[in-house]
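Listed in TrEMBL for this protein:
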- 20-33: compositional bias 'Polar residues' (COMPBIAS)
- 36-57: compositional bias 'Basic and acidic residues' (COMPBIAS)
- 64-86: compositional bias 'Polar residues' (COMPBIAS)
- 87-99: compositional bias 'Basic and acidic residues' (COMPBIAS)
- 1-107: region 'Disordered' (REGION)
- 151-170: transmembrane segment (TRANSMEM)
- 190-211: transmembrane segment (TRANSMEM)
- 232-252: transmembrane segment (TRANSMEM)
- 292-309: transmembrane segment (TRANSMEM)
- 321-341: transmembrane segment (TRANSMEM)
- 374-394: transmembrane segment (TRANSMEM)
Amino acid sequence: MNPKGQDLEPEAQEFHPLPSRSSANTGSSNPSHSIAKVETREEVEHTQHHQQEQRISEEDEENPNSNAHRVTSSSHSQTVRHTTSKTTEDAESRNDGGVRRVTSSQTIRHTRACLGLRPAAPINEEEQIAERQGLWWSRVRVALREPFSEFFGVVTMMVLGNASVAQVLLSAGRKDAPGGEGYGTYQSINWGWGVGVMLGLYVAGDSGAYLNPAITFSNCLFRQLPWRRFPSYVVAQLLGAFVGSGIVYANYINAIDQYEGKGIRTVPPNEKATATIFCTFPQPFVTKASQFFSEFIASAILVLVVFALRDPGNNGIEKDGKWFPLMMMFLIFALGTGWGWNTGYAINPARDLGPRILATFLGYGSEMWTAGEYYFWIPIVAPFCGCVFGGLLYDVFIYTGASPINTPWLGLKHIFRPGYGWSVARERYRKGIEEGLV
């Protein structure tokens, strides 16, 4: 890994098997030392023929007519060297068990490039897999590390967020709770989601996706995140929300049966609806326009603050990115405190759609989609619109870095002159290849 945390030059990004511990201890940096056991027999033969060549050379000095011996020996020596080289190449394509690798480093790079992931960075950083790089799963992990990180980051967020909703709802009014009013309040839900987002970001790392398809889309649009990453990230986020909600349901299934009745599953406006544990529903008095506006504004604030926190030219926290998840926790808590009543502040399409799909198969049925006069599309569409609007506001009035807004015609030239847009896209792709970004 580059000690400065910078990308290596392209010519330094080749992926080679690292030396074994035994060769590392002797100070050797030759990768072929790690396969010494495979070459032993050929090396012995090569040494023997080299000694034979020396003896023939000594005989040549005494007898000049031994040219035929020299030709024969030289030809045989070349054959041995060719055999040894071929054996080395074969050994490099095998793992410790002698089974030929199914996926080479080139295949890993190609897979990552197709998904828009950085082809070289994880390979250079994954030094801990050097002794296990022949394992099939090690190569899969290297190829799909970022989507896996997003998946488990969203799982963490959903488990903590939805579990806080479940505990507050299902324990409401219980006299055996501290204070006799249940295990939690509305602010418990806001804390649960805030801490869930914070810890989810620590799990996912700084991938540019931030556990939210709408933020991923905004980063692709305004921050040059490769568009090819978008599908893999969104799939990982939806699956993470689906699995995380399933974990919460498995944990609280008995409490749900006790709260609603054995096998009964209802959605709002039923007074004891438990579907609100998994996804959001609007208050019955809120109009469609207000529902959309509430999610739109909350999502715009979300991206506006995210872009500010990640802006190195602003007074954000770019100089110490470790504080970013903590700031996101306070942001989510504040959004829940001020924008949670009308619609439940989904502000994340994956957070709402994944659990909604799950609940459909858990007994809640098609009412998950028809409740609230087909409210389901608002927490999917409004966050995308709001996040794009928030990013647009920040880049138009504050941001001075690389952004489509800071190009001719505020980026609209890409639309009205497609040829110009394609040339810019090709140049961006070329630079991405040079920097190891695609």
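In case you wondered, yes, glycine gets a Cβ from its N, Cα and C as well.
Bear in mind that the values here come from a model prediction, so they are computed numbers and not experimental data.
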Other parts of the chain folded back onto the transmembrane segment (292-309), taken as Cβ under 8 Å at six or more residues beyond its ends: 210, 212, 214-215, 218, 222-223, 286, 316-318, 324, 327-328, 331, 335, 339, 342-343, 345-347, 378-379, 381-391, 393-395, 398-399
Contact set, same chain, for the transmembrane segment (190-211): CB under 8 Å, 6 or more residues outside the stretch: 146, 149-150, 152-161, 163-165, 219, 223, 225, 229, 233, 237, 240, 306, 321, 324-326, 328-333, 336-337, 340, 348, 350
Beyond the flanks of the transmembrane segment (151-170) by at least 6 residues, Cβ under 8 Å: 182-186, 188-189, 191-193, 195-197, 199-201, 203-205, 211, 236-237, 239-241, 243-245, 247-248, 251-252, 255-256, 258-259, 274, 276-278, 350-351, 354-355
